[in-house]
Amino acid sequence: MNQNLQSLFRIAHKPEKIGIGLMSGTSLDGLDIALCRFKGNGLNTAFELLQFITLPYEEHFKQEVHEVFSRRLADLEKVTLLNAFIGNFHGELILQALAKWDVKPADVDFIASHGQTIYHAPKSLHKQAEYPNATLQIGDGDHLAVKTGILTISDFRQKHIAGGGEGAPLALYGDVLLGSKPGEDRILLNIGGIANLTYLPADGDLNKVICTDIGPGNTLIDAACREYFDRPYDKDSLIALSGNVNQDLLKALLSHPFFKEKAPKTTGPELFSLAYVEDAKQLAGLKDISAEDLVSTLSEFTAKSIADFIKANLPANSKIFTSGGGAKNQFVINCLKHLLHAESIFNTEALDIDPDAKEAILFALLGNEALSGEPMKIGTNPAVLMGKFSFPL
Ligand SMILES: Nc1ncnc2c1ncn2[C@@H]1O[C@H](COP(=O)(O)OP(=O)(O)OP(=O)(O)O)[C@@H](O)[C@H]1O
Ligand SMILES: CC(=O)N[C@H]1[C@@H]2OC[C@@H](O2)[C@@H](O)[C@@H]1O[C@H](C)C(=O)O
């Protein structure tokens, strides 16, 4: 037997596995690296987070990715170069993290890598009947495997699409495993570049689980901060707090048909961009708005779209647990509390899940499933095992 398959067979049979989950999200702030230990699979997974780090991206790298990120027209050579470069670069960052933690690459059984989404095009976006849902993550797994010497599983989203989904959100698999509690209706709300949530019903019925994108999380707030303040994001909501919400613009921002589409649905910065904001300004008949008022309005927009979705679709008594960088945006969280009449909104720390690490843990879990799990049917999501295998040799 091919020695790669032999080693794959050996790792898949190990009762306990050490895996690294990698997430590089739409905010492009850095690479999240989670080192985890797993026993078992599916609903019987025992999991432990051993180490977590976010290694921030340098400005130059962010600019290179922004050249092709969520653009309909991009330099194909740049895409090709970045695909190989990011695979190798993420491999280097893993080696740095392992050295810092004093862990040998040989002690890690697998890497599960999300890659970098550069374009997400569900049918609701591209509207071309002859084409399927589609999405593109770059940062090829072979480069990671060869650079680190560790078996790498990558490109998880294609199988979800092939099975009838939109390629996202994949959070539901991890959320069900880590977040469910009998007797409690729960909402795990991730506010990253895009906001998404998983509803976990109190009776544990997997058919009732809902996992969907909702709309913009930080993506528009970040884009406005970059454009008008030369800052990557609105740290501690200082800009939003210094402005006022423009109600006409807010109404126009909320009027897009995406918000009326039935869940599950997905979206990205391809739709929610500064061009979207310009269109909304026109719709509202608004010529001028101060940059501070714009950031306040976009922050309220994030909170209002999330609250509207929850009020219209989910039980009112659900307990909410937030994660993602947007959970640190107090303006957004306070608006949410106000709109939902919620006394408290927790973050996933209350569930013993590091809110910054949650998505990287999710991919490690998906890697563990790819190696030795079985397809799971949850809600209307495709029952598929996701991920492609890359070998070091
Ligand atoms: N202290 C803070 N105050 C306000 N906003 C913050 C703060 N810290 C982080 N953020 C927001 O969180 C963002 C990063 O979030 P995160 O890393 O969860 O996104 P991501 O993983 O790239 O997104 P996605 O889940 O959509 O792929 C920043 O760009 C910023 O908007
Ligand atoms: C195509 C893509 O990269 N989508 C991301 C993005 O970031 C948040 C939201 O949009 C979510 O749908 C997804 O990521 C998470 C990890 C998911 O699949 O659950």
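Just so you know, glycine gets a Cβ as well, placed from its N, Cα and C.
TrEMBL annotations: computationally assigned, not manually curated.
If you look up TrEMBL, you'll see G25, T26, S27, L28, D29, G30, L31, D32 marked as ATP binding site.
In the three-state DSSP scheme, G25 (ATP binding site) falls into the coil class. Residues from the binding-site residues list (G25, D29, G30, L31) with a C-beta closer than 6 Å to any atom of ligand 1: G25, D29. When Cβ atoms from all protein chains are considered, those within 10 Å of D29 (ATP binding site) total 19, not counting its own. Ligand 2 lies under 6 Å from the Cβ of the following binding-site residues, listed in sequence order from T26, S27, L28, D29, L31: T26. Of all the binding-site residues listed here (L28, L31), it is L28 whose C-beta has the fewest other C-beta atoms within 10 angstroms. When each of the binding-site residues G25, G30 is scored by how many other Cβ atoms sit within 10 Å of its Cβ, G30 comes out lowest. There are 22 other CB atoms within 10 A of the CB of T26 (ATP binding site), with all protein chains counted. Look at L31 (ATP binding site): DSSP puts it in a strand. Within 10 Å of the Cβ of S27 (ATP binding site) there are 20 other Cβ atoms, across all protein chains. Apart from the site residues G25, T26, S27, L28, D29, G30, L31, D32, the chain places the Cβ of M23, S24, T54, Y57, G192, G193 no farther than 8 Å from the centroid of the site's Cβ atoms, the recorded ATP location. Sequence-distant neighbours of D32 (ATP binding site): residues of the same chain at least 6 apart with a C-beta under 8 Å from its C-beta are G21, L22, M23, S24, G25, F52, I53, T54, D356, A357, E359, A360.
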